Amino acid sequence: MRLVLVRHGESEWNKLNLFTGWTDVDLSEKGVEEAKEGGTYLKKEGFDFDICYTSYLKRAIHTLNYILSQMDREWLPVIKTWKLNERHYGGLQGLNKAETAEKYGEDQVKIWRRSFDIAPPVLEEGDKRCPYLQEQYRGIEKSELPLTESLKDTIARAVPFFEKTIKPQMLEGKRILITAHGNSLRALVKYFENLSDEEIISVNIPTGVPLVYEFDKNFKVLSKRYLGDQEKINAKINAVANQGKKK
């Protein structure tokens, strides 16, 4: 069985080094090109899909659209779910990562960004950034929607969705593409590879690069690989790792 994961292309706030979370910002020009390049590599290597999954956030949705356009597969069914949204960064959303590191220290920012079970400061009730005040979540119970999340919290929504919805389809032979976010994809990577809480801290996923997993019938990982220029991919991974450091 094969599964392809793609983190959305660079967003406008990635470019500005801001904590984004559930803020619904679009792709930058570079992000559009990354998404198209990802689609080109998938087509070049002969990939095809039956069902696609993405989040409620336009940077992931648009990345998927560009990928499918490059593959001439815009007619494929697409299922959107908030369960694949980025981790909610609470009160950090909209703040510059480097400036936050200057204020609180790199160690604290790394804990907020990369720790397993420590969430950033919670949003106050009524803050305009609260998901329950936003249109795309109007059909979801307020109690289900986070005001901040740790990676552990993100796993608690993303992995059960995968197990209940996507995994059975894969076992039926469906070819699946998931276009989502750094932390919702890290949640799945931790689950697939049975990584420890400490090991996942150092995992960084580059923007716009297809990550291909091969599984056996028992869902054990047989192989994983990124599609594309490996030197460029490594540079992207290092750039993600350095986002929370002082200027």
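Including glycine, each Cβ sits where the backbone N, Cα and C put it.
So that you can see what the record holds, here are the features copied from Swiss-Prot:
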type: BINDING; residues: 7-14, 20-21, Arg59, 86-89, Lys97, 113-114, 182-183; note: substrate binding site
type: ACT_SITE; residues: His8; note: active site, tele-phosphohistidine intermediate
type: ACT_SITE; residues: Glu86; note: active site, proton donor/acceptor
type: SITE; residues: His181; note: site 'Transition state stabilizer'
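Features as recorded by Swiss-Prot, highlighted on the structure.
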residue : record                                          : Cβ contacts under 8 Å, 6 or more apart
Arg7    : substrate binding site                          : Thr179, Ala180, His181, Gly182, Leu185, Ile205, Pro206, Thr207, Gly208, Val209
His8    : active site, tele-phosphohistidine intermediate : Leu27, Gly31, Ala35, Leu57, Arg59, Ala60, His62, Thr63, Thr179, Ala180, His181, Thr207, Gly208
Glu10   : substrate binding site                          : Leu27, Ser28, Lys30, Gly31, Glu34, Thr207, Gly208
Trp13   : substrate binding site                          : Phe19, Thr20, Thr23, Val25
Gly21   : substrate binding site                          : Glu86, Arg87, His88, Tyr89, Gly90, Leu92, Gln93
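Cβ contacts within 10 Å of His181 (site 'Transition state stabilizer'), excluding its own Cβ and spanning all protein chains shown: 28. Local packing around the binding-site residues Arg87, Lys97 was summarised as the count of other Cβ atoms within 10 Å of each Cβ; on this measure the leading residue is Arg87. Glu10 (substrate binding site) falls outside any helix or strand according to DSSP and counts as coil.
There are 21 other CB atoms within 10 A of the CB of Gly182 (substrate binding site), with all protein chains counted.
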